Amino acid sequence: MLNLQPYADPTYFIYLLLALVPLAIGLYYGKRFVWYEVIVSLLFIFLIFDSGRYIQQGIALIIYMLWETALVAWYTSYRKRANNSWVFYITTFLSILPILAVRIGDTGLFKTQLTLLGFLGISYLTFRTVGTIIETRDGSIKEFSLPLFLRFVLFMPTLSSGPIDRYRHFNQDATVAPSRDKYIEFLGKAVWYFFLGFLYKFILAYGFEHLYSYTQNMAMADASQGWSWWLIGVGYSYGFYLFFDFAGYSLFAVATGYVMGFDVPMNFKQPFRSKNLKDFWNRWHITLSFWFRDFVFMRLVFTMMKNKVFKSRITTSNVAYIVNMLIMGFWHGLTWYYIVYGLFHGVGLVVNDAWLRYKKKHKVPHNKLTEYFAIFLTLNVVMFSLLIFCGFLDKFWFHH
Amino acid sequence: MTNKKKLWQIFGPVLAAFALIGLLFLLPFPLNHLSPQAIRESSVSFASNIIKGEAVKKAAFNNKETNYVPFFGSSELTRFDSMHPSVLAAKYHRDYQPFMMGQAGTESMIHYMSMQEMRPALNHKKAVFIISPQWFTKKGVNVFFANFYSPLQLVDWLLNIQKITPTDQFMAKSLLNQSVVSQSNLYAGLVTKIENGQALSSADISRLRLEHRILSREDQLFSNYVGSNNWQNKVVKNMQSLPADYNSTDLDSVVTKQAEKASNSNDFLIKNSFYKQRIVPQEKRLKGSQVKFNYRESIEYSYMQAVLDQFAQEHTDVLFVIAPVNQRWSDYTGLSREMYYQSVDKIKYQLQSQGFNNIADLSHRGGEKYFMQDTIHIGWRGWLEADQYIDPFLSSDYQDVNYQINDRFLSTDWQKFDSSKQNVESFS
């Protein structure tokens with residue numbers, strides 16, 4: 001049975017782009033063939049889950065979608081009548097329940113049962129669903145449309161790993177065709193992104209992955225000493241591997257979205273040129289960090305201010321940074337290194353903020369040289385955090 | 001600018017890229033050129049792309065200037081000193097020069113796949129095959145398989161199959177246990193056919209020919225660069241300490257002196273640098289760590305059988321070298337000598353009962369001083385001893401061989417045959 005994992009090898013692109021030709025021609029002539037888009041999307045989603053170990057995941061996806069659709073549909077109709085905070089909290093909790101169960105399963109607890117609920121892309125689908133629930137509560141989404149909701153959550157190009165779009169933004173494109181000028185611009189960008197993605201994912205990420213595996217082996221030889229200089233290499237090779245692999249993938253997803261006439265948001269913006277940690281999170285996995293900024297950080301700050309939890313605004317935002325990043329860490333998985341990674345970035349943002357305040361009050365020299373130094377420092381802080389994140393230290397210290 | 005022009009500007013370069021790729025794959029000129037120096041360098045580079053690909057093998061074994069002989073083995077091949085086969089052959093201008101095929105982790109299954117790309121080089125030719133009983137762990141050591149596997153090997157293997165033999169079916173089953181194979185839609189399907197004894201269709205064959213074309217071009221393209229300086233740094237450097245004329249007694253005293261100096265930091269007579277880097281950090285932990293090791297029961301016996309079948313098909317005249325372990329070290333780690341010898345008995349029975357009688361059995365000599373370079377790798381006087389078999393074998397003419405392959409060695413009965421309880425000769 002033909003099985004196609006998204007963007008995994010050159011043949012995937014050939015199949016995908018051939019299948020999208022009729023849609024593209026339609027869009028060029030100002031028509032959006034929604035039914036065709038739906039059929040192609042379902043076909044390609046089917047081909048991800050159609051054989052071997054993937055079938056189980058496909059079933060999990062269907063169950064998941066039934067659950068989430070029912071939740072969102074019910075909550076939208078409830079929201080028209082009332083707006084009780086607890087109902088909102090419970091609905092949100094129920095919508096993250098599946099991924100919570102999978103994450104708990106990953107730790108080994110009820111592993112066999114709970115991991116059955118998992119499938120490729122579950123966390124990204126959860127972001128889209130939870131975001132929709134929150135915006136419904138805000139009142140910015142008023143109506144529930146089953147076809148639009150399904151098309152949004154199951155949007156084929158971004159199904160497995162984002163970028164994470166927002167329901168309202170998605171819907172702006174979903175029913176109309178872009179203007180011809182706009183669409184030609186999309187196509188031009190799409191070709192550029194596809195080829196840049198090939199360079200990133202199939203050449204650079206491939207190379208760094210080998211380097212990553214080499215440095216791990218070299219470091220492992222020193223494992224009994226608890227320290228190896230090779231760990232520096234592990235961190236850097238993993239950091240670059242992760243970036244080129246994920247940014248490459250994201251470019252493919254955005255490009256495919258463009259071909260389908262959707263303005264999918266970008267996920268990376270030259271993150272290694274960041275001047276500080278805050279800047280970094282505006283450039284790295286952007287749709288995820290903005291999702292957390294809008295739906296966790298801002299709301300936490302707002303709630304804490306409203307209830308006057310802390311007197312100082314600085315304390316409030318510091319606590320929010322740490323909670324925000326910790327949740328992000330937990331979202332990656334319930335292991336010490338993801339949580340430490342989250343904590344590290346939370347504390348990092350607090351320090352970063354303190355430094356920016358200090359800089360405002362005092363005369364700190366600022367020139368090209370200090371900027372380069374800032375970029376260098378940020379890069380190293382990030383690479384160190386990715387060394388934690390990659391999980392190699394777990395193997396190096398505890399499981400060698 | 002008109003829209004049409006804009007579209008051309010967007011898709012023109014894409015079409016050009018496809019056209020260029022098409023030309024690259026289909027034009028009939030070779031994409032690589034390996035100079036005699038580059039081939040010589042490759043012969044001691046231990047690069048995994050040699051095992052993965054066709055290009056370097058073809059260039060090496062087709063070249064007329066130097067008679068390269070494949071040396072199949074694993075990590076011991078990389079243990080250079082003045083008695084290393086590549087050094088001796090170069091220094092004493094022998095009629096042959098070893099071409100090293102292998103590095104840490106390359107066992108029979110990997111060699112079997114690699115051989116698929118060099119069948120002419122084995123056909124009525126000579127080869128040396130160094131067997132390490134350490135390969136023969138219960139499930140085999142082919143965790144490294146993915147590092148040395150290439151789709152090109154698989155395509156060559158499939159195209160080489162004339163009539164499906166039990167060996168082919170056994171290998172098909174083993175290959176499907178490897179995720180690199182089972183995850184590939186195209187190959188998993190074809191290998192499953194072989195496993196089921198079902199011949200490939202002519203459509204399959206033409207598809208494979210096209211794949212072969214693309215993959216071999218890719219292989220050529222990436223085998224132009226030899227990233228190694230081992231010839232200068234290891235071979236030539238080690239040649240300098242050798243006397244001008246070959247005399248094994250003289251060489252023995254030369255190498256004994258060298259080894260004495262190079263392993264004076266420890267009682268195991270392990271090379272100092274290896275001892276310092278690899279042993280010292282965990283010496284205490286390793287004491288008694290190998291008491292339970294058992295090489296008598298292993299799937300590796302059947303992988304080795306696949307290799308033997310390959311040699312038989314090609315009438316390859318092979319010298320097998322069975323490697324010992326450093327006895328001073330294995331006594332410390334608790335590796336059972338008896339178990340080791342019993343596994344060697346099993347290996348030798350499998351070889352000899354099928355007519356592979358050319359065996360340099362060094363397995364009992366790991367206790368001799370300076371025979372081993374480190375814990376499990378022969379070196380110094382060990383290499384010199386191996387040369388007493390290798391040189392006469394490779395300096396004489398090819399003799400046609402007549403092996404009688406017994407497919408029972410592919411069975412789990414044989415894999416699980418316990419040579420400590422039963423006499424190996426009772427197996428048939």
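Each Cβ is built from the backbone N, Cα and C atoms, and glycine gets one as well.
According to TrEMBL:
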type	residues	note
TRANSMEM	A:12-28	transmembrane segment
TRANSMEM	A:33-49	transmembrane segment
TRANSMEM	A:55-74	transmembrane segment
TRANSMEM	A:86-104	transmembrane segment
TRANSMEM	A:116-134	transmembrane segment
TRANSMEM	A:190-208	transmembrane segment
TRANSMEM	A:229-260	transmembrane segment
TRANSMEM	A:280-302	transmembrane segment
TRANSMEM	A:314-332	transmembrane segment
TRANSMEM	A:338-356	transmembrane segment
TRANSMEM	A:372-398	transmembrane segment
Folded-back contacts onto the transmembrane segment (A:86-104), same chain, C-beta under 8 angstroms, at least six residues removed: 64, 67-68, 71-72, 74-75, 78, 110, 114-115, 117-118, 122-123, 126, 129-130, 133-134, 137, 330-331, 333-334
Recorded stretch that, among A:116-134, A:190-208, A:229-260, A:314-332, A:372-398, has the most CB pairs under 8 Å to the transmembrane segment (A:12-28): A:229-260
Residue numbers, six or more beyond the limits of the transmembrane segment (A:372-398), whose CB comes under 8 Å of its CB atoms: 212, 216, 219-220, 223, 226, 228, 231, 234-236, 238-239, 242, 271-277, 279-280, 284, 332, 335-338, 340-341, 344-345, 348
Long-range neighbours of the transmembrane segment (A:280-302), counting only residues six or more past its ends (CB under 8 A): 127, 130-131, 134, 162-165, 246, 265-271, 273-274, 316-317, 319-321, 323-324, 327-328, 345, 349, 378, 382
Among A:55-74, A:116-134, A:190-208, A:229-260, A:338-356, stretch most in contact with the transmembrane segment (A:33-49) (C-beta, under 8 angstroms): A:55-74
For the transmembrane segment (A:190-208): best-contacting stretch of A:55-74, A:116-134, A:229-260, A:338-356, by Cβ pairs under 8 Å: A:229-260
Annotated stretches the transmembrane segment (A:116-134) and the transmembrane segment (A:229-260) touching (3 or more Cβ pairs under 8 Å): no
Remote residues contacting the transmembrane segment (A:55-74) - C-beta distance under 8 A, at least 6 residues beyond either end: 45-46, 48-49, 91, 94-95, 98, 116-122, 125, 129, 132-133, 136, 144, 146, 149-150, 153-154
